[in-house]
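Colleague: Checked TrEMBL, it gives:
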type	residues	note
TRANSMEM	C:12-32	transmembrane segment
DOMAIN	C:54-418	domain 'Ammonium transporter AmtB-like'
TRANSMEM	C:58-78	transmembrane segment
TRANSMEM	C:85-106	transmembrane segment
TRANSMEM	C:126-145	transmembrane segment
TRANSMEM	C:152-171	transmembrane segment
TRANSMEM	C:183-201	transmembrane segment
TRANSMEM	C:213-232	transmembrane segment
TRANSMEM	C:252-271	transmembrane segment
TRANSMEM	C:283-302	transmembrane segment
TRANSMEM	C:308-329	transmembrane segment
TRANSMEM	C:341-363	transmembrane segment
TRANSMEM	C:394-417	transmembrane segment
Amino acid sequence: MVKNTYMRWRLPLVCLLWEVAMIVLFGVFVRFDPEADAHWKEEQLQKNLTSDIENDFYFRYPSFQDVHVMIFVGFGFLMTFLQRYGFGAVGFNFLLAAFGIQWALLMQGWFHSFENGKILIGVENLINADFCVGSVCIAFGAILGKTSPVQLLILTLFQVTLFAVNEYILVSLLHVKDAGGSMTIHTFGAYFGLTVTRILYRPNLEQSKDKQGSVYHSDLFAMIGTLYLWMYWPSFNSAVSNHGDAQHRAAINTYCSLASCVLTTVAFSSLLQKKGKLDMVHIQNATLAGGVAVGTGAEMMLTPYGSLIVGFLCGIVSTVGFVYLMPFLESKLHIQDTCGIHNLHAMPGFIGGIVGAVTAAAATEEVYGKEGLISAFDFTGDYKDRTPSVQGGFQAAGIFVSLAMALAGGAIVGAILKMPFLGDPADENCFEDDVYWEVPEDEESGLYHVHDPTLKPVTS
Amino acid sequence: MVKNTYMRWRLPLVCLLWEVAMIVLFGVFVRFDPEADAHWKEEQLQKNLTSDIENDFYFRYPSFQDVHVMIFVGFGFLMTFLQRYGFGAVGFNFLLAAFGIQWALLMQGWFHSFENGKILIGVENLINADFCVGSVCIAFGAILGKTSPVQLLILTLFQVTLFAVNEYILVSLLHVKDAGGSMTIHTFGAYFGLTVTRILYRPNLEQSKDKQGSVYHSDLFAMIGTLYLWMYWPSFNSAVSNHGDAQHRAAINTYCSLASCVLTTVAFSSLLQKKGKLDMVHIQNATLAGGVAVGTGAEMMLTPYGSLIVGFLCGIVSTVGFVYLMPFLESKLHIQDTCGIHNLHAMPGFIGGIVGAVTAAAATEEVYGKEGLISAFDFTGDYKDRTPSVQGGFQAAGIFVSLAMALAGGAIVGAILKMPFLGDPADENCFEDDVYWEVPEDEESGLYHVHDPTLKPVTS
Amino acid sequence: MVKNTYMRWRLPLVCLLWEVAMIVLFGVFVRFDPEADAHWKEEQLQKNLTSDIENDFYFRYPSFQDVHVMIFVGFGFLMTFLQRYGFGAVGFNFLLAAFGIQWALLMQGWFHSFENGKILIGVENLINADFCVGSVCIAFGAILGKTSPVQLLILTLFQVTLFAVNEYILVSLLHVKDAGGSMTIHTFGAYFGLTVTRILYRPNLEQSKDKQGSVYHSDLFAMIGTLYLWMYWPSFNSAVSNHGDAQHRAAINTYCSLASCVLTTVAFSSLLQKKGKLDMVHIQNATLAGGVAVGTGAEMMLTPYGSLIVGFLCGIVSTVGFVYLMPFLESKLHIQDTCGIHNLHAMPGFIGGIVGAVTAAAATEEVYGKEGLISAFDFTGDYKDRTPSVQGGFQAAGIFVSLAMALAGGAIVGAILKMPFLGDPADENCFEDDVYWEVPEDEESGLYHVHDPTLKPVTS
């Protein structure tokens, strides 16, 4: 069966209609947070309130920019490792994230920043929108190279919606702490993506086997993504934590966990190969597992050595996952996971949820101080009588809620994506930019970087 | 006619003499701003003034670094899309920007930071110098691949000078607001560059047609530039806004406009190609038009949905410009615009000026608050009686002043650059690094990445 | 003699054992700094102390992230210029830095942040750990392509140790100011690395001569490293300076020095080549010398024009070093310096030490203000009677202490690295990723980016 991958009407239609919808919804609902509104000046002057530097912008903007880089360059370039799918990796990631952040501002806004019929947005909303889209970028990793841009936009629409619902359940109903998103972003995003790719299983994907590998320079492009994710992860995990010590602590814990994770990844990458050589796939991915796994616990008193332990274990789990589990998932469970998100996000995210639950349950006034404990877990208002051990229980519940939402949501969305008119590529054209992109001639005419017309492939 | 592109005496002479001139002028004129001067400590202690965190450094330094990345990596890598001009793109951009920021510190300093015979520089001056050079990077985009480094340095000298004059007229004489530079940076820079490239028109440029395209990996390098420009644009437009809500608001508006712009760019890129495939040139460039077009209005109460609308339109205008207008400009008006700056900077910059004028004219005390309105437009001192609608008129005037300065200045500078001894390349050597750079052998000997000496081109 | 480069047991063993050691030592010693500890909230509330924004996190975190990028992307990608060693450059740099920062937190912590038996870490410790590892990255540049990952980890262990001792002597015993590390990082790191590579001299290294060059795209990857180092160097030199004017000033001075350096680098790169063409090696490296050379003086009242002069000279010194000194060092002194760290770090670092000593000696109350002078050089406590000229003397002493530590330490560590079982590559396999990495097939089978199976290597 020949697949129709012609995008000329479908893609523009979806992009334009949805963007118009965004404009209308923003027009009706979205306004500036008081700290970004011009009235702020007046309030300051009248009430002699605060210095400009107390504006939340200065607490969070540097972290926001780091997170922004992670979403667009980090995820985008991490996925350029495929030899013939660099445009799709970085370009489709750009597209879905640009749409996703708008829809996330609305969805998260309705749940968390809705006042008098308006969503009031400030820098923290921008970070949370980026976070939400991060979970879509993760899911994209599982189906990379096998879907059309229209499918990706539909995926984004639904996944952002479900993300916001799940986040609301966790953060608002269960009063769970998850500032770095081990549960809301990684566990949810990864299991969602894995379910979708399971539904979209392609039995004959080996027809494009030759394009599933990397080339030398595509691996270097991917390392740009890896390093930006790795370097800025301390910003990711601390970006929406409480001002002051919590942000400070979250950055330190994440820094430690990631450092430790690199060493066990290298160790196991070498150990699990007969020739003892390092595998770029592991270095590009498993080194990041330590950041995922302290997403919940980093802002707590996890301590630097606790973080090292978490990173240590996750480097191992993730690398072993790439070597042993991934082939098993593909052959037995029919889960074709292009980027190995099960190893980088699913397992470490799940571990991160548990680490957070245990750390919360173990919290004491001795370690946090009386006010520190209240502040760290926001034991105020309706929750002023909650104890750390109860909090630990709710944290654990949050993992399974995220998992359930991911599996159920992924199944439904996967089914929607199977609709035949969405333009997905044929099996033999997967992992191939040429399907959706104008590709420069050097690549189209035989894949080599040779521009001299007098040089030809020849038999001697 | 054989062109003499030998740079050995000309380029070093210009670099060394001009740098010596910079040293002398800095020695005579440039000192630290009080907030960067060691006396600040004394003032603080004596007068019990402010906390260290109130130093302007902490309000602006993170934005400064983002802007810095945009100028050097953003513009530099964006222009590496050409298959054989990566060294020139990133290297000459580096050279002209490094010279330009020094000269801009002086020129802008004389106009804006001159006190008691000294220019006092702080972090805001660094940002403004980067901004000024940004307009040169834009103009460089039009003549990319067709000029010698000596020509580029001369261009920089003159353009920075004219930029500072134009900026003085707008900001100081007309009291125009243009924090993100839709007029001063983009409109001025782009029309200046387009005029220069018109004057330098090469009728036989098709002789290097084969080098005007990209190769697969050069397009990925260019995406690095695109994404850094896109991600950090909120910092660009907010970097020199008023402390507090204005910076906050400018970042949010820019974020929204850029997100929207991506969707319409993708839509029209697909729509305007018969095969419906996406074109990397559009994704690399038109996605940024939304940032350009809110350069003036972002710090005003443009509102998030207003920003979405601006981004929506500019993605369309820019992409349509690439497809239809650019061939027209080249064939009919003889404007050879290598990077398509007319689509990315000229038209969106012009639109940005209008958006700013309309937003200013529409400002009310209801929307800004009484103090907020005064603060946002600096209606104090000589301008305390200016009304928003008058401000709108002056804003509109600023567009045309910038345009006039660009066209007149570009014509003069273009004529200067035509002087025969400046070392520009022959038509058949345009877009070719080999003219000014030592290029590794792999590329010189037939353009292929083949290092094995046993592999040879063969005739069948 | 055939070298055994099989890493399967050695590398994992070192990684795992050392990481376990880190966990144990962190468990015993490392805790959060009060500003990162949950008790901070309590102290604030009880004592009505300070605003959250006064937390050191907000003074230093943006600079920290910039420094972090310099270490991992800056140094990592700068070294990818070799055509066949990109994985090793960026991957081994990642590995050694990830281990090094942990060990540096301990070593520097024992010397500088040890209270009641615990090392208390905050954001400033993270920066200092990155700084320390920076000196290892520099040394790595000298031996790039010629060592195994096990050797690199051993090098890191010892060099970090010696760095911390040297830093303690300079900063604590001699009371030397060196916020940007001209002495502690660059002079020490570079002469250490040069001594190591001298000890590891390979007389037959020309056997891998064909791999010591770059290819077109590897030079572009390297420019990513260069530009991030260049752009973020103002953050590097200001990251641990005193709050307020000192950080502000350090950034400005560094910005100026680097800008100036680019022009003299370009001038001399062209001047010293017969064909007058620019050499990417110079642009990639010598443009950074200006940042190295104001590492000590940047936070002092070096002044913008003073910085321009330093940058001016260092661009020349560094480029001349690449053209004339480097071949001499290799042929006569048997110092095989892969990346030319002698030109980029050793000489400019030494100059930077002198610049700092002279600037300190020339300090006056008139220029700094009474309090400013005390604050800038920390003339308090035991040092309250120290004069600027005495300070200058101690600064100068710091250069030679660093040099002596580097030479002695490098000799010892070099000897240790000569042990035969550490897995270094044979001469003909140097600068070749294939030894330690799984390399994609396109590269293994003849080094060319050609995927068309009909094109084959031919025997002539």
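Glycine residues also receive a Cβ, built from the backbone N, Cα and C atoms like all the rest.
Because TrEMBL annotations are produced automatically, they should be read as predictions rather than curated entries.
Tell me about the surroundings of these features in the structure.
Modeller: Sequence-distant neighbours of the transmembrane segment (C:152-171) (same chain, 6+ residues past either end, Cβ-Cβ under 8 Å): 14-15, 18, 92, 95-96, 99-100, 103-104, 107-108, 110-112, 132-133, 135-136, 139-140, 143, 178, 183-184, 188-189, 192, 196, 398, 401-402, 405-406, 409, 412-413, 416-417, 422.
Sequence-distant neighbours of the transmembrane segment (C:213-232) (same chain, 6+ residues past either end, Cβ-Cβ under 8 Å): 66-67, 69-70, 73-83, 86, 258, 280, 283-285, 287-288, 291.
Packing against the transmembrane segment (C:283-302) from elsewhere in the chain are residues 78, 81, 177-183, 185-186, 219, 222-223, 225-226, 229-230, 233, 236-238, 241-242, 246-247, 249-251, 253-254, 257-262, 265-266, 268-269, 310-311, 313-315, 317-319, 321-322, 339-340, 343-345, 347-349, 351-353, 355-357, 359-360, 363, 367-368, 376, 395: each is 6 or more residues past its ends and has a CB under 8 Å from a CB in it.
Remote same-chain partners of the transmembrane segment (C:341-363), defined as residues 6 or more beyond its termini with a Cβ less than 8 Å from a stretch Cβ, comprise 138-139, 141-142, 177-178, 180, 182-183, 185-191, 193-194, 285-286, 288-290, 292-297, 300-302, 306, 310, 313-314, 317-319, 321-322, 325-326, 329, 335, 373, 376-377, 388-389, 391-393, 395-396, 398-399, 402-403.
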Colleague: Is the transmembrane segment (C:183-201) close to the transmembrane segment (C:394-417), in the sense of at least 3 CB pairs under 8 angstroms with a sequence gap of 6 or more?
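Modeller: Yes, the transmembrane segment (C:394-417) contacts the transmembrane segment (C:183-201).
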Colleague: For the transmembrane segment (C:85-106), find every same-chain residue at least 6 residues outside the stretch whose CB is under 8 Å from a CB in it, and list them.
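Modeller: Here the qualifying positions are 15, 18-19, 22, 25-26, 29-30, 71-72, 75-77, 79, 119, 121, 125-126, 128-130, 132-133, 136-137, 140, 144-145, 149, 152-153, 155-157, 159-161, 163-164, 211, 218, 221, 431-433, 436-437, 439.
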Colleague: Which residues of the chain, 6 or more past the ends of the transmembrane segment (C:12-32), have a CB below 8 A from one of its CBs?
Modeller: 99, 102-103, 105-106, 109-110, 117-122, 150, 153-154, 157
